[in-house]
Amino acid sequence: MLHLNCVSGYESSMKTCFRALCCKGPPPPRPEYDLVCIGLSGAGKTSMLSKLCGESPENVVSTTGFSIKAVPFQNAILNVKELGGADNIRKYWSRYYQGSQGVIFVLDSAASEEELETSRKELHSALQHPQLCTLPFLILANHQDKPAARSVQEIKKYFELEPLARGKRWILQPCSLDDMNAIKDSFTQLIHLLEEKNPEPVRM
C-alpha cells in the first residue's frame, strides 16, 4: 500500500508540474505609462524616439503638432506624446499635459546661448506647471557628441536644477544618438520612478 501511495503521489506531482509548464497561459501584460516629451525644435526628440522604437532616424521630419509613439521596454510600455518645439507651438504645450504620468525634456547641450536660455525658461515653466510639478522628470542633455556640448555639471548649474527641482523626482542624463544604450538606461531609470508607490524625492 505504501508503494502504491508513493506512485500515486509521484504521478500527481508530475501532472501538477506538467500543467504548470504547459498551461501557464500568456504572461501578464506590461504596465503602460503616459508621458509627455517636450523640448525646442532641433533638440533631437523625434530622432531619439524613432530609434527607441526601432525605426530608422533617416528622413525624420520635426514634429509640427504632436505625435504619439508606444516605446516598448522589457518591464513597461511608454506611450510618449511628443510635442513640437517651434516658437508658435510651445505656447500650446500646456493643453496636452493632462493625463501625463511623467515628463521627458530634451535639450540641445550644444545649442547657442540664446537657444539654451529659451530651453531653460521652458524647462522652468514645465517643472512649475500644476499638472507636471509632482511628476518624475527625465532631462536629456542631447548632442553630447558635438564639440560645443556643455557638460552635465554646466547644464545643471545653468538651468539652476538644484534649487528649481528640490523635492521633485528627476534625472539628468547626458546623451547622444550614437549611444542608445545610455538613452535606454535613462528611460529604465524613469520607469523605476514611475513604478514607485510611495515616491521619495530623487536627484541625479
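Cβ coordinates are placed from backbone N, Cα and C, and glycine is handled just like the others.
Remember, TrEMBL labels are computer predictions, not curated facts.
The GTP binding site feature in TrEMBL is assigned to Gly39, Leu40, Ser41, Gly42, Ala43, Gly44, Lys45, Thr46, Gly85, Asn142, His143, Gln144, Asp145. A sphere of 10 angstroms centred on the C-beta of Asp145 (GTP binding site) encloses 13 other C-beta atoms.
The Cβ neighbour count for Thr46 (Mg(2+) binding site), using a 10 Å radius and every protein chain shown, is 23. Among the features that TrEMBL reports, Mg(2+) binding site is placed at Thr46, Thr63.
In the structure as shown, the Cβ atom of Ala43 (GTP binding site) sits within 10 Å of 25 other Cβ atoms.
Sparsest Cβ environment among the binding-site residues Lys45, His143 (other Cβ atoms counted within 10 Å): His143.
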